[in-house]
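Here's the structure, in structure tokens; my notes come after.
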Amino acid sequence: MAMRVLTADEMRAIERDAMERGLATGRELMERAGRGAVRTIGAHWPDLEPGGARRAVVLCGPGNNGGDGFVVARHLHALGWRCDLYAMEGAGGADAAAMRAAWEPLGLVHRLGPGDRPSLEGAALIVDALFGTGLSRPVELAAIALLREAARADGGPRVVALDMPSGRCADSGRRIGPDAAEANLTLAFHAPKRGHYLGDAPDACGALRVVDIGLPDAGAGLPLIDAPRWETISKRGGHKYRHGHAVILGGASGKGGAARMAAQAALRIGAGLVTLVVPPEAIVENAARLDAVMLHAAGDAHALRGFLSDARLNAVGLGPGLGRGAATRAWVEAVLDGPRAAVLDADALTAFEDRPEALFDLLRPGDVLTPHDGEFARLFPDLALELSGEAATGPAASRIDAARAAARRAGAVILLKGPDSIVAAPDGRAALHAAVYGRAVPWLATAGAGDTLTGMITGLVARGLGGFEAVSAAVWLHVEAARRAGPGLIAEDIASALPGLFRDLAAARQ
Ligand SMILES: NC(=O)C1=CN([C@@H]2O[C@H](COP(=O)(O)OP(=O)(O)OC[C@H]3O[C@@H](n4cnc5c(N)ncnc54)[C@H](O)[C@@H]3O)[C@@H](O)[C@H]2O)[C@@H](O)CC1
Ligand SMILES: [K+]
């Protein structure tokens with residue numbers, strides 16, 4: 001089963017359900033969380049393991065996250081650590097109070113006031129147990145800056161955050177208020193939360209590990225996109241006409257690189273045939289650069305409509321290198337007026353920035369829009385505005401909410417691109433693709449990478465996948481191909497890495 005990411009509400013529901021079914025009490029869960037955290041810290045940083053005379057500073061908040069902190073302190077103490085506890089005042093629940101009481105025979109608890117910056121002298125570890133999934137408003141504590149500075153410093157104590165770095169929203173990953181902690185390691189209890197993967201939160205989390213606290217996996221949450229099933233992307237016989245005929249639209253002479261890369265990627269991902277349609281004056285340039293990709297000239301939208309009336313053409317990708325003018329709008333209208341599924345990117349989106357509704361009126365549920373953040377903001381300015389800057393209260397609107405709302409409004413599949421890519425369909429389906437932590441590919445931020453992805457999606461749609469499935473498979477393959485190519489990658493390398501990737505996917509299935 002695909003790994004899933006939870007909201008704070010979903011996490012609370014899982015916990016409540018387990019308690020109602022008598023599987024565990026809240027106190028037992030807290031004990032498992034703290035004990036599991038200490039085990040995981042040891043596994044992640046084996047050099048901290050033997051304990052000895054190490055000093056840890058543990059910062060506890062007013063709720064259950066603080067309760068977890070007291071459990072962590074007790075287990076560190078049992079391993080020989082000296083723990084200095086700092087706790088905020090506030091109305092904690094009975095479980096957190098019990099965990100504090102269990103700590104008190106072992107050491108002092110200092111009061112953590114708004115302006116306090118506990119001394120880190122001699123500390124090897126700082127535990128951020130201030131706020132987790134219950135964060136609802138900005139945190140006003142000098143200790144937040146202390147955690148951030150320590151996490152960023154070379155040398156000095158390492159920072160571990162329980163569940164979330166305090167000040168970050170578990171649902172959106174966004175800062176609640178101006179100040180939020182950072183960590184070198186974040187421990188997610190039971191399952192990762194959405195906020196661990198979204199926006200700049202992965203940087204704030206450092207590394208991410210999940211701590212099992214013995215709760216059943218009920219399948220709740222949003223799926224994290226994993227490798228597509230080999231059966232979905234493999235070819236099982238049949239001649240080229242059985243694997244679809246993808247069409248990519250290209251722009252004026254001298255601007256053809258983007259569309260060529262899309263066309264080549266559509267072919268590499270397995271479309272049986274790919275035709276690049278360009279204005280007549282761009283034929284010579286493209287003919288000099290292409291072999292396996294076929295070429296067709298269309299001077300205007302009327303000619304394009306005529307060409308697309310061929311029923312064998314079953315998907316059209318357009319946008320890369322088209323230009324933003326009225327001609328592009330006319331091409332989009334011609335494509336969406338016909339029966340072929342369309343994948344719209346780049347200029348095909350931006351051409352409608354003045355009147356996005358005109359585009360939405362034409363879209364069909366199987367069409368795909370692949371905006372990056374800037375293009376998204378032009379088509380859905382209100383949704384983008386809700387995501388901008390820090391949030392005032394939690395849980396805050398997330399990129400997942402925005403992509404879902406956009407898919408409903410547009411009536412098409414949306415791929416909101418980024419290291420955290422969200423795919424959302426108008427019927428409510430959504431999934432997250434995370435190229436962060438161990439799968440981060442910063443070198444994928446390169447000219448033409450998006451055009452290649454557009455081609456890959458178009459190729460898979462031509463091969464018969466639905467828009468949502470095509471996007472889900474393509475985003476994973478795109479990142480995995482880029483990981484193979486490695487630093488130094490240019491966009492052409494992505495499609496070139498696909499054969500090796502396919503070979504390995506096929507072998508892994510044997
Ligand atoms: N849900 C679960 O299954 C489990 C939860 N556990 C822990 O419990 C945490 C959630 O506990 P809580 O729901 O008590 O929430 P938190 O401990 O995250 O904090 C909530 C408390 O702080 C207050 N608060 C929120 N924002 C504040 C701010 N900016 N300044 C001051 N006070 C603020 C809230 O009113 C509430 O009292 C999880 O993150 C996890 O660490 C674990 O004990 C294990 C099991
Ligand atoms: K925390």
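Using the three backbone atoms N, Cα and C, a Cβ is placed for every residue, glycine included.
Just so you know, TrEMBL annotations never went through curation; they're auto-generated.
According to TrEMBL, the feature (6S)-NADPHX binding site maps to 64-68, 132-138, D163, A258, G321, H372, D451. Counting every protein chain shown, 11 other Cβ atoms lie within 10 Å of the Cβ of S136 ((6S)-NADPHX binding site).
Among the features that TrEMBL reports, K(+) binding site is placed at N65, D128, S166. Within 10 Å of the Cβ of N65 (K(+) binding site) there are 27 other Cβ atoms, across all protein chains.
TrEMBL lists K417, G418, P419, D420, S421, G450 with the feature AMP binding site. Listed in sequence order, L415, L432, H433, A434, A435, V475 are the same-chain residues six or more apart from S421 (AMP binding site) with CB atoms under 8 A from its CB.
Per TrEMBL, the feature domain 'YjeF N-terminal' maps to 11-221.
For the domain 'YjeF C-terminal' (223-505), the model's pLDDT averages out at 96. What TrEMBL records for 223-505 is domain 'YjeF C-terminal'.
Same-chain residues with CB within 8 A of the center of the K417, G418, P419, D420, S421, G450 CB atoms, the AMP site residues themselves not counted, are H372, L416, H433, A435, V475. Residue with the densest Cβ environment among the binding-site residues G67, G418, P419, G450: G67, by other Cβ atoms within 10 Å. When Cβ atoms from all protein chains are considered, those within 10 Å of N64 ((6S)-NADPHX binding site) total 26, not counting its own. Cβ atoms within 8 Å of the centroid of the Cβ atoms of N65, D128, S166 (the K(+) site) belong to the same-chain residues L59, G61, G66, G69, A129, L130, F131, G132, A161, L162, D163, M164, P165, A181, site residues excluded. Near K417 (AMP binding site), with the C-alpha within 10 Å of its C-alpha, lie none of the binding-site residues G67, D128, S166.
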